[in-house]
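Peer 1: The structure under discussion is supplied below as structure tokens; questions concerning it will follow.
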Amino acid sequence: MANDPLEGFHEVNLASPTSPDLLGVCDPGTQEQTTSPSVIYRPHPSTLCSATIQANALNLSDLPTQPVYSSPRHLNCAEISNISIHVPEPASSVASEVAAGLTRFTSRKDSCNAEREFLQGATVTEASAGNDDIFGLSTDSLSRLRSPSVLEVREKGYERLKEELAKAQRELKLKDEECERLSKVRDQLGQELEELTASLFEEAHKMVREANVKQATAEKQLKEAQGKIDVLQAEVAALKTLVLSSSPTSPTQEPLAAGKTPFKRGHTRNKSTSSAMSGSHQDFSAIQPIVKDCREADLSLYNEFRSWKDEPTMDRTCPFLDKIYQEDIFPCLTFAKSELASAVLEAVENNTLSIEPVGLQPIRFVKASAVECGGPKKCALTGQSKPCKHRIKLGDSSSYYYISPVCRYRITSVCNFFTYIRYIQQGLVKQQDVDQMFWEVMQLRKEMSLAKLGYFKEEL
């Protein structure tokens, strides 16, 4: 079985992956071997040339044991057409077998020629497309076997696209987060701007209101200060008058003008009847004593004043002021309306009391609180029905109290005393020594004593 010939081995090589064809046979005459580039497996030339070739028959011993790879050659159509198969002349002993074999071989040759023509057409087609390699199909098959498959390429491309898509999605997510963060920042800045604007407007309105209130308060204080200035100017003028009148250098009596006789009270007697008594009258006037005003300070009171002068204070508990409070101030400001009298004393001490002349103000313009406190026909301190030419105001109160002339004089005498000792406390009295200050205080106490006894001066 092993030596049985195999027919058609030159056409199909079972060991070849590319199904090569045997296109050339060794010529015994020239010993030239023509091998087609498409033949991958071929028998050795020595075997083909030495052995007798039987038509369409091969022995197993003639098969190659190793694959023979032909070097790549670039053949054109002309070379392919010149390829021929040379068969040696058969021996005479086997003429009959050769004839039958030739018949079969001729049919095989025709089929090979048809296959060669088909390959030539395919080669020409590839050459017209720009490919000169006659073994393009074989090379492409090998390249497909060596290169990755289409599925792997697609999978790699799909993976790369997935990676790029994931990267783009990550970038888009980052962009969205950045946009969201910027939107939050924008909203926060807008809210802060609105709050700041609202606070600025509120602060501006608050400042305007405060400015208006301060302006109104300043105007009110200005009016009150102007009223106080007028009152103080009147008090200063009164104090100047008191100082000038109590000064020892001021004349107490002006000399009579020349040629004028002094006014005599009573009736005049007849000259005839009075001439007899003239001598006795002159003797009586001669023996009448001359009277002058004299003064002497109380030593204890003077020492108390000197002690107070060294450290002046408005505290009523000090010995000097306590005695004046008990002897002059309290009796002078004691009225039937005790509550109002206490308020008047407190206002005098705080220097917040103001006195205004009523003038010819109609009753319809008088405030209701002032009318309730007595009105211009009734004194608010004594409760007596007397014409009231002045009214007082206590501190920042809007109420006015109408007072009679005697009450007004009693209040002004106490105000004059407090004004003078305030000047001493503030160091404004510098032109007088301690004795002059003491006697000025005594003069003010005298006025308070006269006022509490009912003596007063009224302006006509």
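Just so you know, glycine gets a Cβ as well, placed from its N, Cα and C.
Predicted, not measured: the structure shown is a model, and the values here were computed from it.
What Swiss-Prot shows for this protein is this:
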- Ser147: phosphoserine (MOD_RES)
- Ser149: phosphoserine (MOD_RES)
- 149-244: coiled coil (COILED)
- 246-280: region 'Disordered' (REGION)
- Ser247: phosphoserine (MOD_RES)
- Ser250: phosphoserine (MOD_RES)
- 271-280: compositional bias 'Polar residues' (COMPBIAS)
- Ser272: phosphoserine (MOD_RES)
- Ser280: phosphoserine (MOD_RES)
Peer 1: 10 Å Cβ neighbour count around Ser149 (phosphoserine)?
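Peer 2: By my count, 10.
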Peer 1: According to DSSP, which kind of secondary structure is Ser149 (phosphoserine) found in, if we only use helix, strand and coil?
Peer 2: coil
Peer 1: Let me know the model's mean pLDDT on the coiled coil (149-244).
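Peer 2: Mean model confidence (pLDDT) across the coiled coil (149-244) is 90.
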